[in-house]
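Everything below concerns the one structure shown next.
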Amino acid sequence: MKKLVTVLGAFFAVLLACPLSVFAAEGSKAPSTVPVWLCIPFAGLLLCIAVMPLVKAEWWESHQPLVVALWIILMVVPFAFVYGAGKTAETVLDCIVNDYLTFIILLFGLFCVSGNITMEGDFAGSPRVNVGLLALGTLLASCIGTTGASMLMVRPVIKMNSWRKRKGHIMIFFIFMVSNMGGCLTPIGDPPLLMGFMRGVPFFWSLHLFPVLIFNMVILLFVFYQIDKRSYRKDIANGRKPDIRKPGTQFRLDGLHNIIFLVMIVGAVILSGVLPGMSAFQDAAGNVRGIHLFGEVTLTFPALIEIVIILLAAFLSFKTTDKQIRIRNHFTWGAIQEVAVLFIGIFITMQPALMLLKAVGPNLGVTEPAEMFWATGALSSFLDNTPTYLVFLTTAGTLAFTNGITTTLGTVPTKILSAISCGAVFMGANTYIGNAPNFMVKAISDENGVKMPSFFGYMLWSVAFLVPVFIIDMFVFFL
Amino acid sequence: MQDNQEKCKELAIRIYNLDEEVYKCVGSSLGRTFTGQKETTIRHLAALMYTKPDGHLLRSELALISNMARTIRDKSERRRLMIEYDSILKEIESLPDTFGKTDIVDKARISLNNLIARRQNEISENDHLIICISRTQGSGGNDIGFELADQLQINYYDAEIFDQVMKRLQADKNAVSDTGNFERFDKYRKKKHTDLKTWFREFNRYHGLPKQDAVFFNMSDLICELAKSEDCVIMGRCADAILKNNHIPHISLFISAPFQVRVQHVMDIRNMNLKQAVRFLKQMDKQHKKYYEFYTGEKWGKPENYDLCINSANYGLKDTIELIQRMLDQKVH
């Protein structure tokens, strides 16, 4: 505990030494400044997620909701002091209704439906099989979303590699590729691209990112193959061997009808992007219609439709699938519960940081594609990548370019749009909290005998293997 | 010291059984925490406790079991298993820190040594005399192994092992390129072009594994079965490492000879000229080394990996066999 107090103390001291507030863009409404110290609860929560499982694992596991609630209170009370109770309630409610609710329901729906599909077979996880699975998952992510592909593929990957001792790296590269990178080809793939689509970026424009994805896939799969080969050889040398006594491979997918519900969920996500642009869902002023809740907070009808469809799909999936499939899949609520608890804290405490980003983002002087790539990416590693993407897309739109993709935010050159998209989608893989499926994959792996690295341990992997790839990306595509 | 070892082993068995029970209660098919062989896993766990009572490795292994145990639906079962988990944890924490300091003897290895194990009565009636012979090409290792088996009146396995493995895999025998000396083994050599249909057929037949790996895994099973059922001499095939991993007592020998002597031997028996013989031996040594290192992670021919290393050129075939027999006669019988 002493160690934790020292680390926390040092961290706060550094933060408090920072400028106390950052001035918002000229012309913005009061309050004109966003105090930097309001971001302390967010940093504190992240630090808890990173450090607590290492120093006090069991206590952390049973007290997560309390800790998260504490950090939320520590953010809300000072926020109310600075901005007033009304503005605080509006900010928190807006965050819960418009960001968190759709986020967690989408995750919940995909978690439920994919948990009802199980693979029975005796394929043995070997480097080449794993490379194939990762490649398949990466490409699938653009069709059914990174979360959908992650939830669908994570259990078969764990199962095929259950004979092996060293398998943490497989799940790490799974997070790199299936849970993040793979989502760059379509707006269905990752929420930031859906936001771009809603702002006028053509649906199939993201296919322009295919060369970047293939380039990264080739590098990462090659590196993965080499690492996996070494681990595979060590496992064999230690006497591990898969059960392959029967000649020929048995392979069967049970609960396959759940693909229909998966398609339903993907359809709901697409609708949530398409419906707001339709006149039937807009009022006279062009605002999206919905149920007014408080202040300027409205639960829009497209969001409501999305929620209803997803929940219906999850319900039908449970009703129509044999319970035995879930048991064989080791389906538990633990993973989704952990993500739900941690991410409500992250979403709420993140608000001052996002406000700060919105205030200073346009004034950062970021104008070049490479700068956009790193700025979007670095912030997406810790913050929600959707608002980060929007901030930089808006910034790019205000730079008065005349050639490029015409969006509702202005014209954005293809190279800059590619850089922002890649930064937001790819660099969510840098940390466990960079993208929702990351934590889900970690939690499911933890429950199924896979030793996953700690928060910082995972970051070491991303620094060692992802950041060099991003540097190469910058030189090849964004300079 | 002995008490502590017993205690560690007992705790290791309890941990293994706990994992087994937890997995059973969960009903999952995704794989349990300890997927290795029971005997090996227990020894590994005991070693973790014995050498590092407060080591992070053991703790993280236990944490994985508790992660799974917490997801058990049946509350009473969950409670029962968590109580067992807590009790194991407490007992591990109460282990003394310093009892791991022992002498130079590698206890894990010594218990696998057929000679010493027999002397110390650590070998059961069901264990057999298994002699694993690794050799360099041209050192006369095969002749020594064959003659030794003949004199001891036990079975000799070399190419036969491959035949049986192939039967098990229901493979076409003609398709097997390796006939016992690893001539074609090279995982890194560019393979001949195979059409998609063949590729899929092989992919399905070998469970997605490369053919050579699948053959090795089946061969490992077969070697273990043989070692458990009869006395025998097994030539090569990484049998020493396979038996070590499966904790089956055996004697491992490495037979070699100076390169020039081997060249002469190969020239004599294979009708090769000097250049051909040198090239052949270098290639064979390289492939033997690659095969052994690929599947065992150990250095081929490194003295520490064997019970006895013999330079057959210093004795000749007949005396080498006699030397080995003398050692066996004195210790075994």
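Count begins at 1; order follows the chain as displayed.
Using the three backbone atoms N, Cα and C, a Cβ is placed for every residue, glycine included.
Nobody curates TrEMBL annotations by hand; they come from automatic prediction.
In TrEMBL, the feature transmembrane segment is placed on A:389-409, out of the ranges A:95-115, A:389-409. At the 8 Å Cβ cutoff, the transmembrane segment (A:170-188) and the transmembrane segment (A:299-318) share fewer than 3 close pairs (sequence separation 6 or more) and do not count as touching.
Of the Cβ pairs linking the transmembrane segment (A:416-435) with the transmembrane segment (A:203-225) and spaced 6 or more residues apart, 3 or more are under 8 Å, so the two regions touch. Within the chain carrying the transmembrane segment (A:259-279), a Cβ under 8 angstroms from the stretch's Cβ atoms is held by residues 102, 106, 109-110, 113-114, 117, 143-145, 148, 152, 187-188, 194, 197-198, 288, 300-303, 305-306, 309-310, 312-314, 316-317, all 6 or more beyond its ends. Long-range contacts of the transmembrane segment (A:203-225) within the same chain, counting only residues at least 6 positions beyond its ends with a Cβ under 8 Å from a Cβ of the stretch, are 127-128, 130-131, 134-135, 138, 142, 169, 173, 176-177, 181-182, 184-187, 189, 193, 196-197, 405, 414, 417-418, 421-422, 426, 465-466, 469, 472-473, 476-477.
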